[in-house]
Amino acid sequence: MTAPQRTTTSVISRRTALTLGGTAVGAGGLLLAGCAAPSDSGSGGAGAGEGSGGAAAPSEPTRVASLADVPVGGTAAAELDGQPILLAQPTVGAVVAFSAICTHQGCKVEPAETSFDCPCHNSRFDPANGEPLEGPALEPLPSLTVTVEGDDVLVSA
């Protein structure tokens, strides 16, 4: 006759189960964060340099448009040192410029009739000050320095 066999079961404590679960969730979050698109939080401000969405800083004032290219109350697109920028003329002779890189996830923002619009996630920005009007973007577009000399619109980072 054989003796009855004992079976042992391994029981883990609640603390161990929570620790293992928390570690798994944390590791999964890190993996997902690595898959996300790079984001420009806008914390670097205007001309923060490479990766900020703005032009390389500092730059010399460069002619990017003529005053006639930027309608009063309207918007326009231009380039500064190979980087896309946005222009607006809220009032006669007062031109403002911003980086055209969305502060939400780095997509290129386009000029619209009365706003700057990001086609990726529908953020809209006020052309007078670069502040977000709607959408997921929370930070304003980085501003650039503008000088108007005669009919020339000069911009620097």
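Backbone N, Cα and C define each Cβ position, glycine as well.
Per TrEMBL, the feature region 'Disordered' maps to 41-63.
Here TrEMBL flags 42-54 as compositional bias 'Gly residues'.
The domain 'Rieske' annotation in TrEMBL covers 62-155. If you average pLDDT over the domain 'Rieske' (62-155) in this model, you get 97.
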Worksheet item: What are the helix, strand and coil residue counts for the domain 'Rieske' (62-155) according to DSSP?
Response: 3 helix, 49 strand, 42 coil
